[in-house]
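Below: the structure, in structure tokens.
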């Protein structure tokens, strides 16, 4: 009897235990099911199946690059209700560089026995900054400027002279009221006059020129300043800043052969599409070597770029990961393409790529061409015979790219070099045409963590991070950057039928609402965990 009661007791416990276990197991299955729905899959929800860039510390053998097929939604855009071909409020701003009434004519201030000569440094756009600053330096010294001599011995080894690149007669004539300019030093006692050679420090102020150069100029009467790049201070008197703008944006007209060929390239782009993007890709071996960045090419890449890097004696050892974190590395061609697609530029958009030899060749360009099949360069738009007069001269080829980039509806720069700065400033001056600068610091982390977000989240964040990097009026302050990139003293604003300079105005933009959630897709909710992952 006791045995029977014990058996009945155990049976009762089992009878209640089994349903409890079943219920718990059911709840567990339901929990796992909902978790699988809510949690984003690292692979299943990826917007773009990109090859992940490896860090410099990765084991190359363990990091084979996966298939880089890009899945891009048609018509996606990072910022809602944005005209992708123009800048907001640009109609209220325009370039203004006329001299004030207090700015005396050159004939009234130029000393008859003072001649300033300069030798530029670097490639086309670095030389352009040197020429611009040389005119202002001559004005500060009340000296006659000898037409600048271009660098023929640097990395580019281009033998072109000033008149091969620019219209020298126009240069002299346009600036005649501001600075006296001659093509060559006059003879001295019937013989060629050799000027006294000297150097000045970088960012030398007007007071610096008066103290350092003027005493020598008064004694020697002809001075040549060598390595003349960024040898003038960023901040100067307003009239001198406006003179910089007159030189850079009006007096430096390309020589006729370059101008005609450049206009042909622009015309051929316009025949293909009413709007086009110009992309200064800057993914050449020298750029990558100089930046000290690493793109996952293993020992071969380190060896090849390291060899080029040794040409710059003053460069320190590079830290590729640090450079990338700080946004100093150019995006890969594919990453640039993905950024543009996320900003709303579809695969039907025509792109002109200004670039030299791309590191990695066609293999590197293939993903960008897949994103934008209408892919053009000067080599695809012009015949070999048409380009033959320019092809042996890097500065003349760069001038052709400069013209197309300047005339494009949207200019995209992939680095912070001289061409990017010059064109950004020029496009601000001539109507704030859209100029997109990748926010490298933020986009680096976004691409690094792209596996952990949805397609919509990625697009939203590209748009969010690019605000302030799109070439809009007043997206940067008057004192931001170098003057050639942000010529604030030369940009005026229309306010209530009056004209004021940006730096002194109480702008309608300054009192307008700041960026709000309405500027973005409201369907995207903030993700604190993802924000932490993408933070600096």
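Including glycine, each Cβ sits where the backbone N, Cα and C put it.
Annotated range for region 'Disordered' in TrEMBL, selecting from 58-81, 82-105, 106-129: 58-81. Checked against TrEMBL, the range among 16-39, 136-159 recorded as transmembrane segment is 16-39. Region 'Disordered' is the annotation TrEMBL gives to one range among 478-502, 503-527, and that range is 503-527.
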